[in-house]
Amino acid sequence: MADAALASERRVRRLARPLAAALCGAAFASGQAPFDLWPVALAGLVGALVLLAGAMHPGRAGWTGWAFGAGYFAVSMAWIVEPFLIDAAVTGWMAPFGLLGLSGGLALFWAAAFWAAARLGGGWRIVPFWALAELARAYVLTGFPWGLVGYVWTPTPAAHWAALLGPHGLTLVTLAAAWGGARAVLARDWRAGAAVAMAGAALLGGGALLAPPAADLDGRPVVRLVQPNAPQDEKWQSELVPIFFRRQVDATAAGPERPDLIVWSETALPMLLDNAGQANEIIADAARGAPVVIGIQREEGGRYYNSAYVLGPGGQVRDVYDKHHLVPFGEYMPARWLFRHINVSGLAARAEGGYTPGPGPRLMDLGSLGRALPLICYEAVFPQDVGGAPERPGMLLQLTNDAWFGTWSGPYQHLAQARMRAIEQGLPMLRAANTGVSAVIDGGGRVLASLPLGEAGHLDHRLPPPLPPTPYARSGDLPAALAILLAALAGAVSPGRRRKLSR
């Protein structure tokens, strides 16, 4: 009887740490849009490091990291179920597996960091190893840097450190501050806690000083963003296609004064580019000579592309860009030979077999407005892709269809990451989203004007000027990656036994 009670108590204790870690992960997720509860999120991050300090065995540390990551990703990326529910009768059964697979899979990166830090002696080592895991998450298997640790600062002035440090440098600094907070909690040392609070204040205050002043927009070109608000389950219905097309044409022609540039969203035209001749003439007439950037699909040599093109006066196609960073399982199927047997294809691709990736980042010629770096949907999530253009553009141009992300957290998180790209590069971002949020963002990450989620309409605003190249725009991820790798190497080779964070 006593043995059974003791065994039961041990099982409860064994489960208590992962459960607490998962709850800390959920708290950390509250720092993401649309909640932006960054103080709660930072408390969750510190809590995870406190739990790590008590996980003396590397295996327990790994499980703690995995549980924290699973809680974080399951809450922050709950929107991942939305694409499966567009055609619920066919793909709805995959929704829970998609959420569990994504959150559990991404959590493995953090589990590896916790395990390695504990295996090599614990203490401060978790900081570089966790930052290294986030760096790997951005690059490994095409990468998926959604919701990086450093993005907890996005709604605060500290986000401006990304212009200097980049997203991975900001992640490293965030983890170092959280580790200091965990040490203060474990030691119950108010002086250490005060030092950590001062470091946080320095991050916020320094970020405010780094923020560029608002630019004078007098005399700047006027841009128009068109938001048709076509729900994904209606967007391709033959009887509704003319309605959505006319809605966009009317928005293009609206008002007595012609804008200098008009931007439509991703796959705004429900046809292939080669078949869009008549539609292009109608759009060009509505644009009254202004260039129009339009999202569309195109076919070449039996291959299909998710593309954007510049439409000039008279309906001429002036420039074309093909999306190069495709969404796995959405726009193409990894290991297609396997998934074909269970009748699963890319959810977002209209073409059989998915899309073909374009050759890579390239600039789009917008005539008198200069050149822009086009980003189609998910491409704006990758800092390294935005910085990978052959030369510096005058603006960033995102065409997206966030109807896939539902109406809750996904579209707002996507917008938040677009703001980070603007901050990192010091470039204005024009963001045209099918269902919202369409926005004009300046080089300091400020949303100057936007159209709400779930509303049709158009937005006219003056184009903010580009800022001088930021340190991150000049160097990319290399300095932060080197700092992380050197710190991780120091942690791997430095002598020491497994210690608690409080020592």
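All residue numbers here begin at 1 and follow the chain in the order shown.
Glycine too: its Cβ is placed from the backbone N, Cα and C atoms.
If you check TrEMBL, you get these features:
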type	residues	note
DOMAIN	226-465	domain 'CN hydrolase'
TRANSMEM	37-56	transmembrane segment
TRANSMEM	63-81	transmembrane segment
TRANSMEM	93-117	transmembrane segment
TRANSMEM	129-153	transmembrane segment
TRANSMEM	159-180	transmembrane segment
TRANSMEM	192-211	transmembrane segment
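Residues 17, 20-21, 23-31, 63-65, 68, 114, 117-118, 122, 126, 149, 152-153, 155-156, 174-175, 178-179, 181-182, 185-186, 200, 498, 500-502 of the same chain lie 6+ residues outside the transmembrane segment (37-56) yet bring a C-beta within less than 8 angstroms of a C-beta in it. For the transmembrane segment (129-153), same-chain residues at least 6 beyond its ends with a Cβ under 8 Å from one of its own Cβ atoms are 28-29, 31-32, 38, 41-42, 45, 72-73, 76-77, 106, 109-110, 112-114, 116-117, 159, 161-162, 167-175, 203, 207, 325, 328, 381-384, 413, 416-417, 420, 477, 480-481, 484-485, 487-488, 491. Beyond the ends of the transmembrane segment (63-81), by six or more residues, the same chain brings 17-19, 21-26, 28-30, 32, 48, 51-52, 55, 95-96, 98-100, 102-104, 106-115, 146-147, 405-406, 408-410, 413 to within a C-beta distance below 8 angstroms of the stretch.
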